[in-house]
Ligand SMILES: [Zn+2]
């Protein structure tokens, strides 16, 4: 039993609260012989859920099984207890092979599934994806990736305005896979059509899409205004101006915002030369850019930093930041029954933070990933 913390629950923060863990689950009752750990002065929040993440710890989800495990371990130490592995644009054969590997790790419970980012994206908004390997979202190709993922595909980012885009959205919805609008050059009207077809997520809102214009509101207005859409935001201070983040957050509300990392290999490590899929990336001062062209190439963010920034720089209420890092992404994934809050019966996934919002402990399914060193 962890006692004495500010416990952030779906209905508010309980000061001097307690959370009991039995086996791999949270429990409402506190067993008579429970070991009590005093965590006074700390915050206890649910484990973070990342919908969009390409790697960390010097390794990527486009690499070997060892690479994938290394990236998972890195993000777990920063509080991410539920993680969807994102691929980047590559040859279909390469993606099919990688989907096989990532689906095994999903079956083992190490990952919460696969997010395919590309190749079905717009050359006009390609960001750090190889232009030569982009293709239109032909439903047959989308299907190929879903099949290769053997039930582990959770989300596909696509430019829905391209030929086959809306049919692909419908195909994804039929298979219970999230259709995410992103890396898109769609107009406002085209984006509304995509939402009507069943798209439910905006891939890193603002980034890799046309800006909000007064006569051309574009995807941003369409995605922000629709209650059915959850918007991903990269809260690293580089991808978004704080005012843009605040605007989106205020408009959509915490129940429709998922703070993602979009992290690449350098997350949890630091500056240097890396690869993002097939492309070379230079990380300097924590900002990842393509060596060729200088596009921002993912982030070096971890979710604990996104959380700390949200409460200390963006001045969001702790409860809203927690919602955007755990409950909302868990709901998007259909996993809110088991993760995303500190309700009894759910998986014992939790993060312990000190008064400065720095991670002091991480528990996943009842096991300490980071064991708190207290007193
Ligand atoms: Zn990404």
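One-based numbering along the chain as shown.
Glycine is treated like the rest: Cβ placed from N, Cα and C.
Per TrEMBL, these features apply:
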| type | residues | note |
| --- | --- | --- |
| ACT_SITE | 262 | active site, proton donor/acceptor |
| BINDING | 117, 183, 204 | Zn(2+) binding site |
| BINDING | 128, 207, 208, 215, 239, 296, 297, 298 | substrate binding site |
| DOMAIN | 44-369 | domain 'Amidohydrolase-related' |
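Everything TrEMBL records as a feature, shown here on the structure.
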residue	record	Cβ neighbours (10 Å)
117	Zn(2+) binding site	28
128	substrate binding site	25
183	Zn(2+) binding site	28
204	Zn(2+) binding site	24
208	substrate binding site	26
215	substrate binding site	5
262	active site, proton donor/acceptor	29
296	substrate binding site	19
297	substrate binding site	28
298	substrate binding site	35
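For residue 239 (substrate binding site), the Cβ neighbour count at a 10 Å cut-off comes to 20, with all displayed protein chains included. Proximity of the recorded positions 117, 204, 262 to ligand 1, judged by a Cβ distance under 6 angstroms to any of its atoms, singles out 117, 262 in sequence order. Those residues of the chain, other than 117, 183, 204, with a C-beta within 8 angstroms of the mean position of the Zn(2+) site C-beta atoms are 52, 118, 121, 127, 157, 180, 182, 203, 207, 208, 262. Non-local contacts of residue 207 (substrate binding site) by the CB criterion (under 8 A, 6+ apart in sequence, same chain) comprise 127, 234, 239, 240, 296. In the three-state DSSP scheme, residue 207 (substrate binding site) is classed as coil. Secondary structure at residue 128 (substrate binding site), taken from DSSP and collapsed to helix, strand or coil, is coil. When the CA atoms are compared, the recorded positions lying within 10 A of residue 298 (substrate binding site) are 262, out of the candidates 117, 183, 262. Cα-Cα distances to residue 183 (Zn(2+) binding site) place 208 within 10 Å, out of the recorded positions 208, 215, 262, 297. For residue 297 (substrate binding site), the spatially nearest entry among the recorded positions 117, 204, 262 is 262, judged by CA separation. Of all the recorded positions in the record (128, 215, 262), the one with the smallest CA separation from residue 204 (Zn(2+) binding site) is 262.
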